[in-house]
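What TrEMBL says about this one:
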- 43-291: domain 'G-protein coupled receptors family 1 profile' (DOMAIN)
- 27-49: transmembrane segment (TRANSMEM)
- 61-80: transmembrane segment (TRANSMEM)
- 92-121: transmembrane segment (TRANSMEM)
- 141-165: transmembrane segment (TRANSMEM)
- 195-217: transmembrane segment (TRANSMEM)
- 238-262: transmembrane segment (TRANSMEM)
- 274-293: transmembrane segment (TRANSMEM)
Amino acid sequence: MEIISVGNQTITEFVLLGFCVRAELHLLLFTVFTVIYAFIILGNMLIIVAVVSSQRLHTPMYFFLANLSFLEILYTSSVMPKMLEGFLQEAAISVAGCLLQFFIFGSLATAECFLLAVMAYDRYLAICYPLHYPLLMGPRWCLGLVVIAWLSGFMVDGLVVALMAQLRFCGPNHIDHFYCDFMPLMSLACSDPSVAQMTTFILSVVCLTVPFGLIQTSYGRIAVAVLRVPAGASRGKAFSTCSSHLAVVSTFYGSLMVLYIAPSAVHSQLLTKVFALLYTVVTPFFNPVIYTLRNKEVQQALWRLLYVKQPETND
C-alpha cells in the first residue's frame, strides 16, 4: 500500500469529519450516543451470560442468538469509539488503522448478514418441521453454520481490503464520515479504483441479496405455517414476533443495500450518514430487545441470575 502523499509531504493519517453540527450540540450528541453504546454492550452481554448460564437455553436458537450478540458487541465497538471521539476533538486515524477499521467492521457486517439468514432458517425448521428439527439442527451442524458465517465475512472483506491497499491516495485526507467506509475512501483515491469498486459491488450483491432472500423465504413459509394454526393468542404472538424480527432485519439489509449496491440513490453525504447509523447503531440497539429481551425464557434466566436462585422449569 502506498502512503498518502500531497506534494512533498507524506500524510500518515486521515481525519474523520463525523457529524458536521453546531459545536454546542457536540456534548449532547456525545451523551446520547454514549448511553446508546452502553445499552448495546450491556444488553448483548446480558444475553450472552443468560445463554451460557442457563441449561434451558442451550439450544440452537439461543446458540445463534449468543453469537449474534457477541458479533454486535464487536461490530459496534469497531465504529462507535471513534464516532464518540469526534464529538470531543478531531478524530484522527492512521492509514493502516483506517483500513483495519473498515476490514473489521465490514467483515462483521458481512458475517451478520449470513448469521441472520441462518437464524431465520433455524426458525423455519423449528416451526415447519418440529419433529425433524433436532436431527436437522444438531450441534455439529449449528457450529458449522456459525463458523461458515464468521469465516465468510472475513474472507469477503479481506479481498476488498487487499484491493483497497493497492490504491494510491493523494489530495485531501479528510473523510466526510464518522468511520472509514468504502465509498468515502474511494473518493480520495487518485489511482483508478474501478477494480475495487466493481469487486465490492459484486460481493455486496451476493452477500446481501442471497441471505435476505433466504430470510424472506423462511419468514414467508413460517407465516403460511402459522396461518394454518387456529386463530388465537398464539397466532397473534407469532406474527408479532416475526414482524418485529423482519422489520429490524429489513432495516439492516435495506440500509446496506442502498449504500453498497445503489450508492447513487443517496444524493447527500448527510443522508449517507443517516443510513449508516441505521445499521451501525439503530439495529444493534433494537436487536437485544427484539430478539431476546422480549423472550420469556431469557427473562427468566436473567431473573434467576441477577436476583434469586429459582429452579429451572419447563413452563
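Cβ coordinates come from backbone N, Cα and C, glycine included.
Note that TrEMBL annotation is computational and uncurated.
Here the structure is a predicted model, which means the values were calculated and not measured.
The stretch from 27-49, 92-121, 195-217 with the most CB pairs below 8 A to the transmembrane segment (61-80) is 92-121. Here the listed stretches are 27-49, 92-121, 141-165, 195-217, and the one with the most C-beta pairs under 8 angstroms to the transmembrane segment (274-293) is 27-49. The list of residues near the transmembrane segment (195-217) in space but at least 6 beyond its ends in sequence, with Cβ under 8 angstroms from a Cβ of it, reads 110, 113-114, 116-117, 120-121, 152, 156, 159-160, 163-164, 166-167, 182, 186, 246, 249, 253, 256-257, 260-261.
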